[in-house]
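Below is one structure, written out as structure tokens, with a few remarks after it.
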Amino acid sequence: MKEIRKYHLPNICMAFTFVIILASINNLINNNDPTGYHTFVLQFAVLLVVIHVVSYFINKIDFKNDKLQVGIVYCLNYAIFLTMAYFLNWFGFRILNIIMFTVVFIIISVCLTVHNAKISKEDEIWINKMLEQRNNITGETKEEKHIKE
């Protein structure tokens, strides 16, 4: 549950916000008919939740290589998003639209990955600080602690 609260919910919110802002800007610039916009917003919100449920379970698999795991999650997410965009008629499937979709997907994915890495690094620093404080209270040095183990 902590993983969901710490990573997945913020990722869903950030991705949703980025895409809705970009879609709104696109609609304004291109003077698109806003008739189906509310449907798109709901479809996209549900799809984000589904994507993160899938990612949550993939992250439970013990991969030997973290980069392989991230690559699999990205490729699967991209395939699911592109497939659903096609079937839900989010945009016309012309090469320029697919390139724009891919660029936006990569930018959002990189931003979320950087955000998650920052959170993990902050957690690592906090844990190390707590361990150091515990060792200071017990009077053990790092070397003594290592010898005991």
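Each residue, glycine too, has its Cβ placed from N, Cα and C.
TrEMBL lists 12-29, 35-58, 70-89, 95-114 with the feature transmembrane segment.
Here the transmembrane segment (12-29) does not lie next to the transmembrane segment (70-89) in space: the count of CB pairs under 8 Å, restricted to residues six or more apart, is fewer than 3. Distant neighbours of the transmembrane segment (70-89): 40, 43, 47, 50-51, 54-55, 58-59, 63, 98, 101-102, 105, 109, 113; these residues of the same chain sit at least 6 beyond its ends, with a Cβ under 8 Å from one of its Cβ atoms.
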